[in-house]
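S.K.: First the structure, then my questions, so here it is.
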Amino acid sequence: MADAEKNAVAEKNAVAEENAVAEENAVADKNATKEVLAEAASVLEPVGLPEEAELPAKIMEEFMRNSRKKDKLLCSQLQVVNFLQTFLAQEDNTDQNPDALASEDTSRQKATETKEQWKELKATYMDHVDVIKCALSEALPQVKEAHRKYTELQKAFEQLEAKKRVLEEKLQLAQKQWVLQQKRLQNLTKISAEVKRRRKRALEKLDGSHQELETLKQQAGQEQEKLQRNQSYLQLLCSLQNKLVISESKADDKDVKGPALPPKSP
């Protein structure tokens, strides 16, 4: 009976040590997985705006599928740990109850099965970790390429923004020049209207001056005709006056000489 108890205690200690080692390995694997995921997260972290740094749909889908697998593995490990805790609790109860030592073989069989399940789960977990690492190793170059293209697109976008600002400045300058040209055109239109108005007034005055000139020409012609008639009349008067003077001088000469002698008869 004492040997059975010693064997049970030794088996219990061995199971506890194996569980401790398994837990340490699980923690180490979990930490390694966290490091891999942290590295992936640092690479997958968006550089600019979230909508501008979205990963391709296939990469995100693969990453989410691997995350679900990891969660399932963690749940399975928790179930195994729970089973081990339950088993250890039952072993504690067995130590306190001597009647339960008869089930030592059954306990060993369960412990062996638990070890096998743990090994299988660990192997499956490591396989999935390797799959995740491979998927990440395949995804990282694509992510880097996406980041490179994003950087190129960002530079191109900045260049386009710079060109846009230059074009906007040119557009504003052109609009200001257009406004100035419109003001100048309005001023020229006003000046042209004023020049046309003054020209029209000058033409009207010129037409009036032409009419006055024609009237003056007609009046001058009439005055010229009057002058010619007056000159003709004066000439006629002068000629008549000269004739009268000559006649009077002849009469005076006759009076001075006396009566004229009668002509001699033959």
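Glycine residues also receive a Cβ, built from the backbone N, Cα and C atoms like all the rest.
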S.K.: Given the candidates Ser76, Ser192, Ser232, Ser247, specify the residue that Swiss-Prot annotates with phosphoserine.
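M.R.: Candidates were Ser76, Ser192, Ser232, Ser247; Swiss-Prot attaches phosphoserine to Ser232.
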S.K.: Please report the three-state DSSP label of Ser232 (phosphoserine).
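M.R.: Going by the DSSP assignment, Ser232 (phosphoserine) falls within a helical segment, counted as helix.
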